Amino acid sequence: MPDTATAASGLGTYLPLVLLLLLSFGFAVFSVTIAPLVGPKRYNRQKLQPYECGIEPSPQPVAGGGRIPVKFYLTGMLFILFDIEMVFLYPYAVAADAVGMFGFIAVTIFIVAITIPYVYEWARGGLEWD
Amino acid sequence: MSTLFLAQAQQEASRAEVLADDPWWLVLLKVVVLFAFGVVMTLFMINWERKVVARMQHRVGPNRVGPGGWLQSLADGLKLAFVEEIIPDGADRKVYWLAPVISSTTAFVGFAVLPFGPKVTIFGEETYLQLVDLPVGVLVVLACSAVGVYGIVLGGWASGSPYPLLGALRSAAQVISYEIAMGLSLVAVILYAQSLSTGDIVDAQQNGWFALLLFPSFVIFVIAMVGETNRAPFDLPEAESELVGGFHTEYSSLKFALFFLAEYVNMVVLSGFAATLFLGGYMAPWPISAIGDGYFNTGWWPVLWFLVKMLAFLFFYIWLRGTLPRFRYDQFMRLGWKVLVPVSLAWVVLIAGVRALRTDGNVGSTEIVIFGGAAVLLIVLLTLLIPERKVEVTDRIPLAGSGFPVPPADLEVPEKTPRQLALEKAERKRKRLAKAGAASTTSSSASADKEGSDDGDA
């Protein structure tokens, strides 16, 4: 297909997608801007406090130097690792028949290389959540 | 037959070329229709979900607003525009404003690559029922759902409040974890279709749905799809019993409505995506496709099949929500990282290996089955070598120190409670004081009377 699709493979192909993006973006911005103008305003100091049980709100996690569990960071790193793997697997999958056995062996080596740190993290308990 | 069809299609003009020749008014029409479709499907889905869940719980569900209660969600949406908007004091205002915009904008873009039908004629213009047929169509949907996470994380962070922050963190960890499983399950589909374009993937399923051909991928994709959209039983970011409302706790008015819209549009897009990738897209299901030499695969009929398949997935979402309880967070992450990711990795290697053998090595199906069976048997035998994990003996009920306030077994229960002891002590002290007072000459007659009566009791 590449030779027939050259005429339609320019960036112009993406134009309708950008139009849809602009329409939904415009709708979202419109809604967010119109809401405070249309709705009522009844000022009350209590309403502006963070939603929480108890009389005194707990220290703010954002401004007060609260800490985020390191688990999320680990998950994020693992995600990046696997995301890169995915990004490399897609082109292989598209061209799998063209590259044949050689490509398969190369991809298998790559997958094994990614799996080793994964197994290591699993064994070290990086995937435990409690 | 499929190759013949593909050859013909290529001779005429490729899908992308036909779509690139669309006049501007047709593009605009498609954009507006797609956007409206998203909004209408959201309004419909909210009502449908409430009604179906109500039926599952032997209730009636919304039945007041409009015919059969079907306008309830529209009324709720309009109401949201006219309620007060509260921005908490601790909020980072710019980011707080931006987050719902990001969420809802990216949600809609996925519609652009979904093929709704084959070639039709609209006002004399031949076109496909699809906005764009990109060579990277699958990636567009994945990218949109990935960027949508920014809306959730930023919204939770910018609220300046503990519950939204926790909800946002959970949501981010959840979406990225399940995105891996989802992405890996797609590799098999792409391998068989040999293309990333959604239109080509539909064409590749003429001889059989990928849901049957690649069943494990289908199962993993459906599970990951539910996890990706934060829906029950994986709705931990919005676990009411733990986190109030999750990342949108502090949002109100239309900003909240945008988050709601984004969630439902994401569900609709992913359902359509699943139908496209695994259930043959817009093509008629098997018995119907045989009628009249494929008559039901032409013209506007395919839109019906596509919508039916999409609604089937949406019903599945509702069904899950009405049936399953929510996962615990550690169970949920375990399922994602320790089950779905390894299984889909192994499946990808297997599929790619079989494919490479068949195209390159001139190996027939029987040899693959024999050697594959031998390999599976070897793996099963190898797993027997793995030492069994020791199970801790837990038949003894822990009496103390189990984390709960359990009294020790040898606890001596005193005859009198501390309160009784304290009362008696106070009584003795009072008597002693009273006696001392009686001995002195300054005691009043009233206290002397009382003292006398006390002595009488003793």
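Quick reminder: no glycine exception, Cβ is built from N, Cα and C everywhere.
Database features, via TrEMBL:
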type	residues	note
TRANSMEM	B:25-46	transmembrane segment
TRANSMEM	B:95-114	transmembrane segment
TRANSMEM	B:134-154	transmembrane segment
TRANSMEM	B:175-196	transmembrane segment
TRANSMEM	B:208-227	transmembrane segment
TRANSMEM	B:256-279	transmembrane segment
TRANSMEM	B:299-320	transmembrane segment
TRANSMEM	B:332-356	transmembrane segment
TRANSMEM	B:368-386	transmembrane segment
REGION	B:428-458	region 'Disordered'
COMPBIAS	B:435-447	compositional bias 'Low complexity'
COMPBIAS	B:448-458	compositional bias 'Basic and acidic residues'
Have the transmembrane segment (B:95-114) and the transmembrane segment (B:332-356) got at least three CB pairs under 8 Å, pairs 6 or more apart in sequence?
no
Same-chain residues at least 6 beyond the ends of the transmembrane segment (B:332-356) with a Cβ under 8 Å from one of its Cβ atoms are 173-174, 177-178, 180-181, 184-185, 187-188, 191-192, 214, 216-217, 220, 223-224, 227, 234, 236, 368, 372
Long-range Cβ neighbours of the transmembrane segment (B:25-46) (under 8 Å; 6 or more residues past either end)
70, 72-74, 76-77, 107-108, 111-112, 122-123, 125, 127, 131, 260-261, 264-265, 267-269, 314
Beyond a gap of at least 6 residues from its ends, the CB atoms lying under 8 Å from the transmembrane segment (B:175-196) belong to 135-139, 142, 145-146, 148-149, 152, 204-205, 210, 213-214, 216-218, 220-221, 223-225, 227-228, 230, 234, 277-278, 333, 336-337, 340-341, 344-345, 347-348, 351-352, 355
